[in-house]
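Here is what TrEMBL says about this protein:
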| type | residues | note |
| --- | --- | --- |
| DOMAIN | 4-313 | domain 'Cobalamin-independent methionine synthase MetE N-terminal' |
| BINDING | 16, 17, 18, 19, 116, 519, 520, 565, 609 | 5-methyltetrahydropteroyltri-L-glutamate binding site |
| DOMAIN | 431-752 | domain 'Cobalamin-independent methionine synthase MetE C-terminal/archaeal' |
| BINDING | 435, 436, 437, 488, 603 | L-methionine binding site |
| BINDING | 435, 436, 437, 488, 603 | L-homocysteine binding site |
| BINDING | 645, 647, 669, 730 | Zn(2+) binding site |
| ACT_SITE | 698 | active site, proton donor |
Ligand code: GLN
Ligand code: ZN
């Protein structure tokens, strides 16, 4: 008999119940016990949802983040909160978000650093270490959840983060060697496992996803060391890996003295045969056969074709599960009322994925005939999608086949273009601009909602938006900015806005996925070949241009960013979807140019975060990502100035790729790093123009003119003044006008000061 289990369940709730419970609590609108009750109810419901599984995860539920939970379980709590008043939960939220319920942020307690969980869009709170970090067990959170589960007769499999992954993902604040903490950490893990054993637990899932990354000998050795100690515990350990292949770590993973190994058989299908051969006969092999990272129905027939032979070899030693925790997918497709029948039949959210798993297990245990109906229904859905004319558009595939090197190449090199652009644009030295968006006021959001609900008709909505744009243009003229923007009032989100206007995209109503804490995203679903039925931004941009003699920048989101922030197709490589997006946005670029727009910005905010987990795969990704940008941007004439924007501050490892993109101007985030990151551009001899953000838009603070002048002077040590632009770090969408006006006024003054001194 094959065993079924789940690695983790989306904790946020089908209708984002946890989000609302948390935010009420933080605002002081509910008590701690009300929050606990909300959590307990969600856990109970989610365990019921998973009741068909042989083993159900416990401990995957969190009020903020599973890594932060682990830090508290291990007693690794930053000193800055340790002595503060309040409950452990207050301290938990202080580390999570800088404040507990009803507190205002204070300078003494800054939140822990947050960073991306592997290559997902989930963010975890980074554990903090120093040379004298000590650990002590506080198992209360996990044991409380376990008590609840056991009272409900849940077949509980506690889930914890493994010690090597925990250390790997943390940060030594004093640059000490964090691996040196391992001997101190292990006894706490042993004590934790002992407590679980005392509760009658048989299996514990211990997540070690770093096994799918490149580990040096020292870190590989840490695995041997750690598990030689943990094997003394009474529970059986299932080491869980996900998101990629084991590659060099395969032998290591197989020899760990544990009772089972879980691998991601979606990403590491090629390794399954080797694992079956190599895994010692006393261990179970858990295969993640349902994709936990996307929303597509699994092809059950195709899965059984390769899984049945594996089952015949492994028999009871085979477990099956989703490839990773279902944290990364929405909860329930049945909540969706607006998807058409086809789309609905092609998708599977968390609950549907568990149904698929159950069907697979039954087919393995009792033969395919025992689930014939389900298999036929699955086959029909998979075939309809495979052959749908909505998914496959010959004209798009032909256009992709016609892509060649000329498409992504500008007619002339940067120097020649720059001369023509400057003759045409006649910008002053140190030209000033912004990144695109201006404050999204309550009125703007209200107008958009009313338009969506049909309360406002299109004409009335357009009038309101035009009024907003006109206001934004007037303000920028009054400020004396050199290159203006229309302000993006009509955009809810920089990806969704474009997705909604492209064929090949669908939208869910409740397809929320946790990004961090109570924050969720609802990625649009890229399901078919991408086409642009008509211009998407030209009317707004030309309207804005008609109001001013200053150059108006057209604003677009780039193909790589649209791709990386969507649920994407599993029936073609990401690179193909990206190229399709590139061709569609390229048409928009050319239409803008035709309409007389002289400067076009193509944002690639998510280019960096799409980097694969293993460095060995970076080149391949960067190659098609950069090519896609070039296809989008580089069909324009020499006189048209292309800008791009990236809102992050680590460029060292991708600077060559950024230069390859060949944008005339790039604006980046730098103010918080004191222009330090320009070193990467300097060392590389980055050839084109750069706008290093001179102020941080994430805080309400008004930057002083002097400070911005100082920052630019620093930038000039790296980049010639003739190639510098003056702009904020990022868009101003989240700020209000009262902050924006004085900040930009100072920024424009700073540019004037620099010009006078030149
Ligand atoms: N143009 C977008 C804006 O100004 C860019 C946002 C981003 O890079 N995240 O909002
Ligand atoms: Zn940005």
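Placed from the backbone N, Cα and C atoms, the Cβ positions cover glycine too.
In TrEMBL, annotation is done automatically, which means it is predicted and not curated.
Where TrEMBL records a feature, it is marked here on the structure.
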{"residue": "16", "record": "5-methyltetrahydropteroyltri-L-glutamate binding site", "contacts (Cβ under 8 Å, 6+ apart)": "510, 512, 520"}
{"residue": "116", "record": "5-methyltetrahydropteroyltri-L-glutamate binding site", "contacts (Cβ under 8 Å, 6+ apart)": "122, 123, 609"}
{"residue": "437", "record": "L-methionine binding site", "contacts (Cβ under 8 Å, 6+ apart)": "485, 487, 488, 491, 731, 732, 733"}
{"residue": "645", "record": "Zn(2+) binding site", "contacts (Cβ under 8 Å, 6+ apart)": "435, 436, 601, 603, 604, 605, 666, 667, 668, 730"}
{"residue": "647", "record": "Zn(2+) binding site", "contacts (Cβ under 8 Å, 6+ apart)": "435, 605, 668, 669, 729, 730"}
{"residue": "698", "record": "active site, proton donor", "contacts (Cβ under 8 Å, 6+ apart)": "729, 730, 734"}
Protein Cβ atoms within 10 Å of residue 18 (5-methyltetrahydropteroyltri-L-glutamate binding site), excluding its own: 25
Residues flanking the Zn(2+) site, with Cβ no more than 8 Å from the Cβ centroid of 645, 647, 669, 730 and excluding those residues themselves: 435, 605, 646, 648, 667, 668, 693, 729, 731
Annotated binding-site residues 436, 488, 647, filtered by Cβ under 6 Å to ligand 2: 647
Recorded positions whose CB lies under 6 angstroms from ligand 1, from 435, 436, 645, 647, 698: 435, 436, 645, 647
Which of 488, 603, 609, 669, the listed binding-site residues, has fewest other Cβ atoms within 10 Å: 609
Greatest C-beta neighbour count within 10 angstroms, which of the binding-site residues 520, 730: 730
Cβ neighbour count within 10 Å of residue 436 (L-methionine binding site): 25
Residues 16, 17, 18, 19, 116, 519, 520, 565, 609 [recorded 5-methyltetrahydropteroyltri-L-glutamate binders]: greatest CA to CA distance in Å: 28
Non-site residues, in chain order, whose CB comes within 8 A of the mean position of the CB atoms of 435, 436, 437, 488, 603 at L-methionine: 434, 485, 494, 555, 601, 645, 730, 731, 733
Residue 435 (L-methionine binding site) CB neighbourhood, other CB atoms within 10 A: 27
